[in-house]
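S.K.: Heads up, here are the entries from TrEMBL:
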type     : residues : note
COMPBIAS : 324-345  : compositional bias 'Basic and acidic residues'
COMPBIAS : 358-367  : compositional bias 'Acidic residues'
REGION   : 296-367  : region 'Disordered'
TRANSMEM : 25-47    : transmembrane segment
TRANSMEM : 92-111   : transmembrane segment
TRANSMEM : 131-152  : transmembrane segment
TRANSMEM : 172-191  : transmembrane segment
TRANSMEM : 203-223  : transmembrane segment
TRANSMEM : 243-264  : transmembrane segment
Amino acid sequence: MAWKLIKDTTNVCVEYRVTGLAAEVAFFTLMSVPPLLLCVAGTLGYLSQGVIAKLEADILRAASTFLSASSVHQTVQPLLNSVFSSGRPDLISIGFLLALWSGSRALYVFVDTVTIMYGLEDQRGIVHTRLLSLGLYIVALIVGTVIGPLVIAGPDQIVAWFPATADIVHVLYWPGAILLSVVFMTTLYHVAVPVRTAWKEDLPGAIVALLVFFVCSIFLRLYLVHSVEGPTVYGSLAAPVAVLLWIGVIALAVLIGAAMNAAIDRMWPTRETAQARAENEKAREEEAMEVMRRAEARRAATRNRAANPPPTEGEGESDIPAEYPERWADFLPHKDLRGRIQSKGDRRRRYPSPFEGEQQDEEGEQK
């Protein structure tokens with residue numbers, strides 16, 4: 001049974017191009033990062049002077065570790081002064097709109113792929129899918145803004161912020177992070193399916209996605225350490241390459257988990273998904289029958305035209321009644337033009353003059 005499940009999951013991944021779709025999700029996700037940074041940069045001017053001074057000092061201190069003093073004073077310092085001088089509402093609005101478009105496009109690919117994997121592509125329209133992906137992206141931004149700094153900072157930074165919770169943080173940090181990841185991915189799978197099912201039905205895919213992410217992360221870390229890390233020609237490309245690869249690994253893991261859930265649902269379907277797939281199959285059959293009926297009607301019309309060809313020009317003249325039959329009785333076709341001219345005098349009717357009868361009577365009396 002386990003081997004059949006693995007085989008079905010692999011077939012689903014191959015059939016629906018999971019690797020290619022993961023690359024598409026990674027591209028659109030990375031494409032949404034610069035607009036978000038522009039949006040954040042536009043809001044920095046609205047912060048208080050104390051916060052701005054601390055941020056500026058931290059950025060200059062970090063820049064001085066890998067840039068020369070002249071570069072920091074000539075490039076970084078003027079740039080920070082222009083950013084922190086005033087707020088930029090134009091950058092905020094434009095950056096936020098661009099980030100919404102590209103980020104929601106990445107989630108649209110994921111939601112649409114999950115729908116197709118389940119065989120329920122006709123259960124949700126494109127407008128509904130687009131709005132759903134937009135809402136998911138906004139929720140992800142809010143959750144990422146709250147939880148992201150805690151995950152990036154790590155347990156040591158949290159302990160530095162809250163010293164009284166040192167023991168609890170060191171014990172519960174990683175189990176809590178894993179639990180939150182499983183809950184988040186399970187909820188994402190649950191919302192992406194067009195029909196409502198039990199939330200626990202999507203747990204296996206979330207667990208598999210987390211395991212795939214851990215395994216791929218180990219190999220990806222080894223690759224990055226031995227390829228782009230350190231003083232090599234690829235050192236300047238390390239950050240964008242690493243970010244793109246990490247996003248691609250996350251997208252691949254999430255899609256593999258969705259494929260696992262779809263394979264489980266095909267082996268042990270729930271009542272809701274089975275009914276929805278049956279409705280889709282019925283709609284496809286009706287559409288196919290309609291196409292066949294139209295094709296048969298076109299073939300019948302073609303056979304009818306072949307069996308009963310339309311009358312030619314000469315054959316149809318006898319069926320058309322003449323408006324004035326006596327007018328066309330002596331008509332000669334244009335090919336016999338000479339005979340028509342010669343017979344013109346014979347066909348012309350001669351009407352007797354009013355004096356012709358009196359002349360004939362006088363001649364009779366003289367005789």
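Each residue, glycine too, has its Cβ placed from N, Cα and C.
TrEMBL does not curate its annotations; it predicts them automatically.
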S.K.: Between the transmembrane segment (25-47) and the stretches 172-191, 203-223, 243-264, work out which stretch tops the count of Cβ pairs under 8 Å.
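M.R.: Maximum Cβ contact count belongs to 243-264.
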S.K.: Using a Cβ-Cβ cut-off of under 8 Å, list the residues of the same chain that are 6+ residues beyond the ends of the transmembrane segment (243-264) and lie near it.
M.R.: 5, 8-9, 11-13, 16, 18-19, 21-23, 25-26, 29-30, 33, 106, 110, 113-114, 117-118, 185, 188-189, 192, 201-202, 204-210, 212-213, 216-217, 220, 223-224
